[in-house]
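As recorded in TrEMBL:
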- 1-48: region 'Disordered' (REGION)
- 17-31: compositional bias 'Basic and acidic residues' (COMPBIAS)
- 39-48: compositional bias 'Basic and acidic residues' (COMPBIAS)
- 82-256: domain 'Helicase ATP-binding' (DOMAIN)
- 282-431: domain 'Helicase C-terminal' (DOMAIN)
- 508-530: region 'Disordered' (REGION)
- 648-779: region 'Disordered' (REGION)
- 659-683: compositional bias 'Basic and acidic residues' (COMPBIAS)
- 684-695: compositional bias 'Basic residues' (COMPBIAS)
- 747-766: compositional bias 'Basic and acidic residues' (COMPBIAS)
Amino acid sequence: MPPHARSGRAPKPQKNGRTEQRQQKRKREQEDLQQLEQRVNDLDPKSDEIKNFSHLPLSVPTASGLEASHFQTLTDVQAHAIPLALKGKDVMGAAKTGSGKTLAFLVPVLEKLYRAQWTEYDGLGALIISPTRELAVQIFQVLRKVGRNHVFSAGLVIGGKSLKEEAERLDRMNILVCTPGRMLQHLDQTAGFDANNLQILVLDEADRIMDMGFQSDVDALVEHLPKSRQTLMFSATQSKKVSDLARLSLKDPEYVSVHEAAASATPTNLQQHYIVTPLTEKLDTLYGFIKANLKSKIIVFLSSGKQVRFVYESFRHLQPGIPLLHLHGRQKQIARMEITNRFTAAKQSCLFATDVVARGIDFPAVDWVIQADCPEDVDTYIHRVGRTARYQSNGRAVLFLDPSEEPGMLKKLEQKKIPIQKVNVKEKKKKSIKDQLQSMCFQNPDLKYLGQKAFISYTRSIHLQRDKDVFKFNKLDLDGFAASLGLPGTPQVKFRKGEDIKRIKNAPRVGMSSDSEMEEDGEKPKKKNEVRTKYDKMFERTNQDVLSSHYNKLVLDGDENADDDDGDFLSVKRVLKDDELDDEANNAFKSTAKVIDGLGGEEPFVVDSKRREKALKSKKKMLKFKGNSTKVVFDEDGNAHAIYELKDEDDFMGEGPAEEQRRKFVEDETSRVREADVDDKALAKQKRREKREKRKAAERAERMGIVSDDDGDAPMLHNADDGEDPLALMRSLPMGGDRSDSEEDREPPKKRAKKWFEDDSEDEKKSKGKGRVIKVQDEPETLEDLEALATGLLD
């Protein structure tokens, strides 16, 4: 009996080679991880010897990913922020645009999860929040490059895609790059998804995320996150407000500002200029600038998406000679991605954009940044000009200012240590496009409608600005601005008092056009199956209620009595005295009704309701109020006559007896025909003479060796060395193309096409029969001779 059977214990399984290898590998990983932790603990964040990524205590996957992506030298913000983040500190980083802030938080994110040995079963470990979709896509692309050797799963949640498809994959993600609104939607709606194990939270462009535009989303999102997390905040213009720090539950944050003591808040290799141009000449100056820099890569910033659309469509029709693109927040995500990729790959292009690309987006080799509209504050200016002069490259920026904006904006820029110089536009570079825009708006109603929306959007943005030292609405020439856009008139804009600026600016379109508002306004819901033209769609848009007053005035002929005020529910029109009540009652109908005469009907047209006013605009509805139309014919003297004009019997008898009038009519017609016959004979004689001259010229040409080509269009010489001047003969030839020689110029009849039942043998027989000639030598004398002749003819 074996020994183990007597003891009652099972034998220990023998270890094979694979198991030992796995155990040894796991042991080495644990040892490497302990050594890495020890190196991080021994790291001095304030050391000046940290110049390269190799000087940092990084894991092998991260170091190899950085090396493969050609990242070696640390920038200033990376050298100061990464050591603090590796130590587990909350960091608030501020640095100039293009200084490498993305790697400053991506490297700590990867190291945090690697040292925690994070797996897909542990759930979400890192959350990176970006204010815009384009910036989130860019961060995700850099994360894929740097973290290519890690085993973490990463996802991009930015909206514009199927919510259901994203929800199916969220529970397997370790790192998420997202926008605030979309992430909050998943936290609230996606079942089984939570962030209770979150290790690190990153806010890129934190000042914009903490702004009032995202305030409610960020506050609700933070409630889903654990307070024991690490938080990193980075931006070019960082906020130090205590309220922001309390909202994010930061614990003794380290503030990193490597350029706080710098002489300028913008990169030193950035040339900054401004141009003082009136609002009425802004588009002319912009078009002239683009025409003068066709070999450059340009970004033009405008204040609203409606302006971006109008300027893009207008300049696209003008064809300045450079590829044009446009980008704004109302576009579909696929279109935004495509435009971003096209502009990134382009060497020469002009991009019209809103502030959606003003933060964090790294477009390579941008030569010019043009701010056609004044930015709302200096921070926005810094982020806009940061799209050029990235890292160590050069760049140039130009700011367009209205004369009323110049003093206030220059004062704000000086306070932020931003050097900017004034430049003037050369007169020869100026080119007015006002007439061209007016012509395009007249021919294209859609373009005119875009211009009206752009005008209203710009005026509203100026009116809602808080900084009244810079933006002075009352000093703007709005009539001239509307004319510079090519509009036939100035759109009417009404502003409500007490509007919340950020709330109105960032309000979604759904809230601006609800069904309840449509019902209150008395509008009927649209039929889905009804066919509508583009003009119907243009005037039936319900999500642009700003234009409703303007188009109502167009329909109502500018009636000043129309009540379209958005103010109080009850408003006092006029206070009447006691002695005026009777007069007002008697003249009530006269003041409201409008009588129109001269329409051609039996009775005048009375306009006493809005339905009648709309009917006045319709030709079809006005037909029944007009009389029967009469058709007239004009004679040679220009006098109008009825198409069936007949004389009365008395008028006819007054001109003489009927037989005399008949004889007179016959004589007049005979004389008229004789005169016409003389002209016809002269014309026929002239045609015969031309025909004879043409025939003689052809005979002369044949005798001299000149023949016509196959088409009969031009003569050709058989021998050019016959000693005569061929040009003299050619000059004597009459011009061809005389239509009178129809018999000679008529083309021969075309060969008849064969039927399906005919064959070539029948054609050959017919052709032989047509071309065969039988010669009779002697006259037939006898019956046998006649029979022989008939037999030959039959064969």
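The backbone N, Cα and C atoms fix where each Cβ goes, glycine too.
Residues 56-57, 80, 83-84, 86-87, 89, 115 of the same chain sit 6 or more residues outside the compositional bias 'Basic and acidic residues' (39-48) yet have a Cβ under 8 Å from a Cβ within it. The average pLDDT the prediction assigns to the domain 'Helicase ATP-binding' (82-256) is 88. Residue counts of the compositional bias 'Basic and acidic residues' (17-31) by helix, strand and coil are 15 helix, 0 strand, 0 coil (DSSP-based). Secondary structure by DSSP for the compositional bias 'Basic and acidic residues' (39-48): 3 helix, 0 strand, 7 coil.
DSSP labels the residues of the compositional bias 'Basic and acidic residues' (659-683) in these numbers: 25 helix, 0 strand, 0 coil.
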